[in-house]
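Features reported for this protein in TrEMBL:
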type     : residues : note
TRANSMEM : 37-54    : transmembrane segment
DOMAIN   : 82-126   : domain 'Homeobox'
DNA_BIND : 84-127   : DNA-binding region
DOMAIN   : 129-330  : domain 'TLC'
TRANSMEM : 134-157  : transmembrane segment
TRANSMEM : 177-196  : transmembrane segment
TRANSMEM : 262-280  : transmembrane segment
TRANSMEM : 300-322  : transmembrane segment
REGION   : 333-353  : region 'Disordered'
């Protein structure tokens, strides 16, 4: 209990020269209260319930409109020994483990490998589940971005970032309060559902991102860094809209060109906002411009460390995106080269003119009939 008074020391949370007494003198609409963060918990639970209703009633008809169809997988044959090994030890057995399972189950190596492949396919999330998750995030990010833009576009700090620190700590109004609470509740709902959501290759990075975002929002709200915090949220939501929309069309049928176009636009927006604007505008603002208003203090370092964590994640995801872009462009170029070659010649390449296996078999059958 002795640690609690130290936790709320002014020099931890507030710049030099600003006290909790200064915060108390503000009117209620301009003063952030730490206990306001408790509202994020019922909002997170509300988002979980709303998402359940969305994925159950709204996402399926939307998916049918886009032609989302589940892949039919062959069910693995019932086997208590293989199922026990699959659930308790490994989903991808080694060669030595396969030999042990062959002796225990009386099956061939091919049968064991086929069983595990089919069993893994059964656990893969369906395309409708993936579509529903992408659609839910798309609509939230779209609504959050539009609402954030509406409440920030006429604010002076949206255009002049030095305004983020002028007249500190007078920063909060009711629109920005709800903007913060809804974003905090949404990321809280993502953590609540993290055990049942689709686990992707960057699962650990996503968890770190969600935790860093929640800490960043909570600290910036309590310390009244509302203005710079709203800019961070708006910048992040701008590219997430394009990512989730590209996923939605990717899971559909007959929307390949739309998906590719959205992915290219997303890649450009992500690289510009996360690798150019975020470090040059946001981090520069918090590192340098804030020092024009007050001297560094522990909260200053903590806030910037969280921003640096986000920037490291941005670089990690940017590398993945650039790798995907290279593969996309490489495949596109190969396709274009083939189309040019076929259109410029009257006959297909010689390897396409060679008889196939079916043609050869049909030829020999005709010869046998004649004989």
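Note: Cβ is positioned from N, Cα and C throughout, glycine not excepted.
Curation does not apply to TrEMBL; its annotations are automatic.
From a predicted model like this one, the values you see are computed outputs, not experimental measurements.
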On the 0 to 100 pLDDT scale, where does the DNA-binding region (84-127) sit on average?
92
Top stretch among 37-54, 134-157, 300-322 for CB pairs under 8 A with the transmembrane segment (177-196)?
37-54
Same-chain residue ranges lying at least 6 outside the domain 'Homeobox' (82-126) that approach it to Cβ under 8 Å:
70-71, 73-76, 198
Could you tell me what the rest of the chain brings near the transmembrane segment (37-54), counting residues at least six beyond its ends with Cβ under 8 Å?
132, 135-136, 139, 181-182, 184-186, 188-189, 191-193, 218, 221-222
Helix, strand and coil residues within the DNA-binding region (84-127) as assigned by DSSP:
32 helix, 0 strand, 12 coil
